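These notes are about the structure you will find just below.
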Amino acid sequence: MIIYRDLISHDEMFSDIYKIREIAGGLCLEVEGKMVSRTEGNIDDSLIGGNASAEGPEGEGTESTVITGVDIVMNHHLQETSFTKEAYKKYIKDYMKSIKGKLEEQRPERVKPFMTGAAEQIKHILANFKNYQFYIGENMNPDGMVALLDYREDGVTPFMIFFKDGLEMEKC
């Protein structure tokens, strides 16, 4: 299994269990997820080490809640955040500088294609700004990558967009 981590915050963003494809000329990765529902807080009586009490009233056990969301977000503990268009422009400008710095250290041949492609991709993001929900890694580092969540034309299938050069891969 391959875990994709944020190059700056080192937060886990997603893994290779999802359908992943390169978009924007290889600049970004599009990761397709699905909506899932999970029950949390429900504890099986057998795990407590006994049977339901014959003396107590019925249904007094543990409470459970059902949480529905996108599997990528839930599995990797991504945190939703929000941006105005102006705030996102400021964030993305600083983020691009950070990634450019990392690339200059680690992969200098990627600097020019990244900066050229990123400018185009950012124009596309800003043109479709209202369609996106924004997610950051579990540690909520404001300097880290902000992943974009959108839905396919069917309105049901979620997908997330990540800048490929802002990720590091870790084999497990």
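The backbone N, Cα and C atoms fix where each Cβ goes, and this holds for glycine too.
Copied from Swiss-Prot, the annotated features are:
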| type | residues | note |
| --- | --- | --- |
| DOMAIN | 1-172 | domain 'TCTP' |
| MOD_RES | Ser46 | phosphoserine |
| MOD_RES | Ser53 | phosphoserine |
| MOD_RES | Ser64 | phosphoserine |
| REGION | 70-172 | region 'Required for reduction of TSC22D1 protein stability' |
Model confidence over the region 'Required for reduction of TSC22D1 protein stability' (70-172) (mean pLDDT, whole number): 94
DSSP, reduced to three states, assigns Ser64 (phosphoserine) to coil
How do the residues of the region 'Required for reduction of TSC22D1 protein stability' (70-172) split into helix, strand and coil according to DSSP? 53 helix, 24 strand, 26 coil
